[in-house]
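Trainee: What TrEMBL shows for this protein is this:
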type	residues	note
TRANSMEM	B:21-38	transmembrane segment
TRANSMEM	B:50-83	transmembrane segment
TRANSMEM	B:95-116	transmembrane segment
TRANSMEM	B:174-192	transmembrane segment
TRANSMEM	B:222-248	transmembrane segment
TRANSMEM	B:260-284	transmembrane segment
TRANSMEM	B:296-323	transmembrane segment
Amino acid sequence: MAWTGLSIGLDALSYGMVLFIISIGLSIMMGLMRVVNLAHGAFAMIGGYLASFALKNAGYPLAIVLAVLGTIAIAFPLEFLLYRRIYRKSDELTQILLTIGIAFVIIGVANYILGPTTKSIPLPPLLSGPVDLGFRMIPAHRIFVTICGVCTAGLLWLLIDRTEFGIRLRAAVDNGDMAESLGIKTQILFSATFALAVGLAAFGGVVGAELLPVEPFYALRYMVTFLVVVSVGGAGSIPGAVAASILLGLADTTGKYLAPEYGEFFFYLAVILVVFLFPNGLLGRRH
Amino acid sequence: MTDRAMVDGVSPPRFSVPLELRAVAITLALGVLGYTLFPDDLAFLTRLISITLLVLSLDLVTGYCGVATLGHAAIYGVSAYVVGNACLAGHSDPLLLLLVGAVAGAVMGLVSGVLVTRFKGLPQLVLSIAVGQLVAALANKLSSLTGGSDGLSGISPGRVFGVYAFDMYGRTGYVFSVAVLMVVFVVLLRIVHSPFGLLCQAIKDDSLRARMIGARVYPRLVLMYGVSGVVGGIGGALNAINTGVVGLDSIGFERSAEALVMLVLGGAGSLWGALIGSIVFQVFEHYVSAANPFHWMTMVGALLIAVVLFAPKGLVSLGGLLAGRTASVMRRRP
């Protein structure tokens, strides 16, 4: 029984870390630009596709870098043409419709160009084997994902808490107009944050491809999950996103281990309970 | 009566006396038009009407109350399953089944409303999605009641008024559906122009101000969700009665998202918008998606972006320019 618990815990942790890496970009965007970006999953999907493409000619680390940069390059025109219109001002309905429209277009185009099949992202030999933990064999990839998640959280914390960029970002989150009048170019800040968010989504899409397989409907299938993580964690909060990812990863994994026939029932039950008890997220702030 | 006049004084022009008559005439005309255009495909039209009721139901909460929801198909699907089960249990009178669907929808609507309208913004959106997904997961699990992924089949309703049997060409089903749509539409017109409906719009425009003038916001929104549930439930019932099959697709996220797309295309906050949006979208879909479902997805996406950028108030606002002009001319007459 204890071993089962530990197994569930380890799986939940790695799944939660994937959720965290992808969702944190969305969370930062929502905290700063107040944009409910339903196309965030589509950007993670683009990252996965680009990586599977790049892996035919390049090594795994290089493929990750190429996928992240490529996704940012693809997403940037969208930021320039569409997202800029909805930063901080539109009502949710407009944002939902615009971003779900973008997600639909990306799904349709991906399906047209790449076909409906799942694209494999082969792991390097170092990560594809199992690792013996004494009581259980665990895929090395899970450990790698967990380390990626911890590093992402740490680096983001450094970026936001310790750098000039982070100070400006927090200023703009707290009071955009005041930050603007103090000479912070919020438009540039928004664009940089958008690129960061999209890059994180692509990174998560690549390293998490073993757990969330890359196929055209990825964008919709997991979008809801990412949105839920942000809402449960509280928009813009890194510790909140970590807590929410692990909590929801645990709810989902436990449900699937103990009552697989219920599908995502327990996951959404947990979501309803948490959102009802903490409408601003576990560690979110009141706007 | 004075209330109505005062409200009319400040809001955009609103048709007064012949509104319901006009709605009856237009739905009848649309019904006849549909029958002449697609005489061999009445099944498509009855499906269209059933979805139209879902879109109208969504309009009540999204358009008139400002609640952003992506889980509205839960109401539609639950009602369809309840009606299917009632019919399989031997209660086959179509009118009784409609009533069953309406009650099931109302219950589901009230439950959703209690959960979803409690908060605004992101928590609201996420709660609406979570409720929808929870119900969809349950529908998949409880396969003894829903047939799981195979769907619930073998629903064969009895004769309407004990006289008109549902034939294989779907003529009875079509006339029945048009009649239901007409009645629902007229009743909804009364409701959205009633003090209760106007209060809901006031809450949508500025919920703080509505609270300041003494409106109890949360109970009103939950009540409107219940009304919306009745309408969505009737839509789900029509789906079960006409097709004889209820599948998981009638309860899923895609159905909710699609209904929202139709509503916004036509124009949220107007019953005419919901009607126009769902008709235009589905007729378009009927032709295009048959050719290639994935081009269809790209086109819907592009259409959504275009609507948000160029016609944020929907198709009805384009037509509304004309209608507004005639209405103001008519109002000037003594």
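Placement of Cβ uses the backbone N, Cα and C atoms for every residue, glycine included.
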Trainee: Which listed stretch (B:21-38, B:50-83, B:95-116, B:174-192, B:296-323) has the most C-beta pairs under 8 A with the transmembrane segment (B:222-248)?
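Mentor: The stretch with the most contacts is B:50-83.
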Trainee: Looking at the transmembrane segment (B:21-38) and the transmembrane segment (B:296-323), are there 3+ C-beta pairs under 8 A, with each pair at least 6 apart in sequence?
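Mentor: Counting Cβ pairs under 8 Å (6 or more apart in sequence), the transmembrane segment (B:21-38) does not reach the transmembrane segment (B:296-323), since there are fewer than 3.
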Trainee: Sort out the residues at least 6 away from either end of the transmembrane segment (B:260-284), same chain, that have Cβ-Cβ distances under 8 Å to it, and list them.
Mentor: 30, 47-48, 51-52, 55-56, 58-59, 62-64, 69-70, 72, 185, 188-189, 192, 201, 204, 300, 303-304, 307-308, 313-317, 319-320
Trainee: Sort out the residues at least 6 away from either end of the transmembrane segment (B:50-83), same chain, that have Cβ-Cβ distances under 8 Å to it, and list them.
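Mentor: Hits for the transmembrane segment (B:50-83): 97, 100-102, 104-105, 108-109, 112-113, 116-117, 124-125, 128-133, 135-136, 139, 145-146, 152, 155, 177, 180-181, 184-185, 188, 192, 197, 200-201, 203-205, 221, 224-225, 227-242, 246, 248, 250-253, 255-257, 259-260, 262-263, 266-271, 273-275, 277-279, 282.
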